[in-house]
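**Q** What TrEMBL shows for this protein is this:
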type	residues	note
REGION	1-30	region 'Disordered'
COMPBIAS	1-10	compositional bias 'Basic residues'
TRANSMEM	41-66	transmembrane segment
TRANSMEM	179-197	transmembrane segment
TRANSMEM	217-235	transmembrane segment
TRANSMEM	242-258	transmembrane segment
TRANSMEM	264-281	transmembrane segment
TRANSMEM	312-329	transmembrane segment
TRANSMEM	341-362	transmembrane segment
TRANSMEM	416-441	transmembrane segment
TRANSMEM	462-479	transmembrane segment
TRANSMEM	485-505	transmembrane segment
TRANSMEM	525-543	transmembrane segment
Amino acid sequence: MTTIRQRRVGKGTEAAEDQPSEETNVKPDGKILSDPTGGKLWNILSITVGGIVAISLGLLTSVYVATLHENDLWFSNIKEVEREISFRTECGLYYSYYKQMIQAASIQQGLHGLVYDNKTESVRTINILERMNVYQEVFLSILYRILPIQQYLEPVYFYIYTLFGLQAVYVIALYVTSWLLSGTWLSGLLAACWYITNRVDTTRVEFTIPLRENWALPFFAVQIAAITYLLRTHLQPVQERLTLMAVFIATFLFSLTWQFNQFMMLIQALALFILDCLDMLPTAKVTWLYIIQISGLLLVCVLQFFNSMILGSLLISFNVSVLIARTIQKNLKKGGLLKRLGKLILHVLLVLCLTLLINKFIKKILNLESDEHIFKFLKAKFGFGATRDFDANLYLCEEAFGLLPLNTFSRLSSTLLFYAYGFVLFLLTVAAVIVAFRNLSGSNQVQFKEKMEEYTVTLKPDAAYSLVHTVLFGCLALSTMRMKYLWTSHMCVFASFGLCSTEVWKLILKCLHLYTSQRTQVIKYSLPIIALLYISFKFWPGIMDELSELREFYDPDTVELMNWIKSNTPNTAVFAGSMQLLAGVKLCTGRTLTNHPHYEDKNLRERTKQIYQIYAKRSPSDVYGILRSFGTDYVILEDSICYERRHSRGCRLRDLLDVANGHIMDGLGENEPDLKPSLYPRFCEEIKKNLPSYTMHFTRVFQNKTFHVYKLAKHN
């Protein structure tokens, strides 16, 4: 028998930089030599140095993005209203709840104001903690109130520094994951450097600070690091229990901080399902991960006052279906190739049918329609019929929800990241196919196992998970640009792990009949060092130039609008307008809104479509009636929307409204045959002519180059 078995012990229990090679640690008779004192000292030194480098890189990344934010806006010098306006769209909405909690007379009153909120949506009282993922704002505001830091640190700085601090956690988690996969902290160093130099494609935290993903993705990275460690072989029971606890905590925090958590974890569950079916992961550990996902999501559901969107998530239905199907098909992993394939196909069909049935049953019982816009968007995006649905088209026309632009790959290639990623992805995919075939064929012949030994060593369970994870999230990023940040960060980990992996280079050299242990070690250290030197020489001057470039926030029209609202309208006034602008109105002025950007509610989506009739071809009496039905006192019209040029014809907001209303679109171009001309001109244009039919309902009270504010008459 071969004596290469000793590598399996090393890979399962050690996180050290060097794995002992068989040539230097195996006697001719097969007995293993050991040098426990030297090995332990080397491990301690390696872990200490690697840990210091990880923490240093994390802190440097945090300082780097904080400096970019300051340099871009001159945040420390601008007025408070300008700082708040810089939190654009939904970012401003989320930050407003932090501000609300800070300004409340007490923590109890602040929480009561969130649970019984009547200012976010007019003529409705909603539970903010149930509808939105804002527990992080609640926790941070309470922390700010109880810590003795009010005299030294403004609330806004406490908030943004926390987010920038989470970037340190993010980078450290990526570093550790790559280290665990490869066995050397040099891999983690390369992953972190790639993350920083590809910042445009790996994060957007410096200009979208309060966005939910900036809270959630660091915890997701920690979860992946914990899963990577969990999938190592020969863990002690205590180690396994502690790792499972770490996975649960990270999963819970990730789920608590982002409303799209269920969709990301569904992709993760699919990765586990594929690998379990192909017998590449231990079934017991996969089962624990399914249970952790369900329990973490259900705990968040409880904290969010039994949010129905969570209960009706596909993730819960899928995980429950997998566990049920596994109970029904107990001998799934026995038999020859054809028998296994047959069982596998039946298993997949059973899980799919159970998932759809359970999910449909839950949604029927709960009368759940909160996430229907997502499925309408996906149906239209992937070509399952054209749609005139306003909500689906609103997503389809946004660049962030389009395909990943090709120039992304040229940027990633300039740092060598994409080249390294493609190289490692190809090798491990080939290895995965071979291993999957071997597992499904169920061959137990010693000769076959010895022949395949090089492939099994290359594709350890943690590497197999990383491979499928990056493939699935890569597909998501390619189809939806906004989700690229989930892929590109893991791309850094995956590529650096492959370049620094003993198993990868051992496989290549054996295929070329050039393998020696020394040659493998030289390659696995020299290539990442060369990559690091290349990155340093090419990108360090650019980073320094970027850090020295100083700009300043400038949006005088919006500042003027917010100051006018605060000075000239009552605190109880209700404002209507675009979702993005109204988020800023709430943050800067505290006025009541008719609608807002948090779109995961059917009633709000219908309300928003009605409010947006101010940009459609409707009569003044119709628009007035709609606005008054939501208690509107003032309506804000934006020239940038009314005369929009950012999108092409068919994707302008006014075009989406025209099509949804059955009207032909403005401008040259084709229209669908059943669309008809409107009986009325466009409201946002016609109201500026001050015609009697408009002035009897609307009075202009504010105007600048960008905004027009009209006060609604109160007819008896």
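The backbone N, Cα and C atoms fix where each Cβ goes, glycine too.
Because TrEMBL annotations are produced automatically, they should be read as predictions rather than curated entries.
The structure displayed is predicted, hence computed values, not measured ones.
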**Q** When you scan the chain for residues with a C-beta under 8 Å from the transmembrane segment (485-505), skipping those not six or more beyond its ends, what do you find?
**A** 19, 170, 174, 177-178, 181-184, 186-188, 190-192, 194-195, 198, 201-204, 213, 217, 220-221, 224, 264, 412, 417-418, 420-421, 423-425, 427-428, 457-460, 463, 466-467, 469-470, 473-474, 476-477, 520-521, 523-525, 527-528, 531
**Q** Counting Cβ pairs closer than 8 Å, which of 242-258, 312-329, 416-441, 462-479, 525-543 has the most of them with the transmembrane segment (264-281)?
**A** 462-479
**Q** Please give the sequence-distant neighbours of the transmembrane segment (341-362): residues at least 6 beyond its ends with Cβ less than 8 Å from one of its Cβ atoms.
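**A** Distant Cβ neighbours of the transmembrane segment (341-362) are 273, 277, 311-312, 314, 316-318, 320-322, 324-325, 328-329, 331-332, 335, 368, 440.
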**Q** Does the chain bring the transmembrane segment (462-479) near the transmembrane segment (217-235), so that three or more CB pairs sit under 8 Å (pairs 6 or more apart in sequence)?
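**A** Yes, the transmembrane segment (462-479) contacts the transmembrane segment (217-235).
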**Q** Hey, which of 179-197, 217-235, 242-258 has the most Cβ-Cβ pairs under 8 Å against the transmembrane segment (525-543)?
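**A** Most contacts with the transmembrane segment (525-543): 179-197.
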**Q** In the same chain, who gets a Cβ under 8 Å from the transmembrane segment (217-235) while lying at least 6 residues past its ends?
**A** 8-9, 11-13, 15, 166-167, 169-170, 173-174, 176-177, 180-181, 203, 243-244, 246-247, 250-251, 253-254, 257, 264, 281-282, 285, 289, 460-462, 465-466, 469, 485-486, 489-490
